[in-house]
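Here's what Swiss-Prot has on this protein:
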LIPID     C50  S-palmitoyl cysteine
MOD_RES   S64  phosphoserine
MOD_RES   S82  phosphoserine
REGION    60-83  region 'Disordered'
SITE      W41  site 'Seems to be involved in pH gating'
TOPO_DOM  1-22  topological domain 'Virion surface'
TOPO_DOM  44-97  topological domain 'Intravirion'
TRANSMEM  23-43  transmembrane segment
Amino acid sequence: MSLLTEVETLTRNGWECKCSDSSDPLIIAASIIGILHLILWIFNRLFFKCIYRRLKYGLKRGPSTEGAPESMREEYRQEQQSAVDVDDVHFVNIELE
């Protein structure tokens, strides 16, 4: 059985598509998967900055500040916030040494 079920033929009225076995479950499943793939790809292209920024930085809490003095913790928070405020278009990663 071939997955290529559509044949275009030239008629007097123009190009027509003659589909055979269009009720085949395999064809229906492949069509649904193809449509879902297209929708997900479009959403990915539209929202990739938001999605990847959220995955990369939103789910991480950053390095542990346990045992560090409160002044260093506050300084780290301010640096993180200023990096986000200054450059909202590009990803910014600040690592303290």
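Positions of Cβ are set from backbone N, Cα and C atoms, glycine also.
Under 8 Å, Cβ to Cβ, and six or more positions away along its own chain, W41 (site 'Seems to be involved in pH gating') finds no residue.
Annotated pair S82 (phosphoserine) and the residue listed as 'S-palmitoyl cysteine', C-alpha to C-alpha distance, rounded: 19 Å.
A 10 Å cutoff on Cβ-Cβ distances gives C50 (S-palmitoyl cysteine) a total of 10 other Cβ atoms nearby, all chains included.
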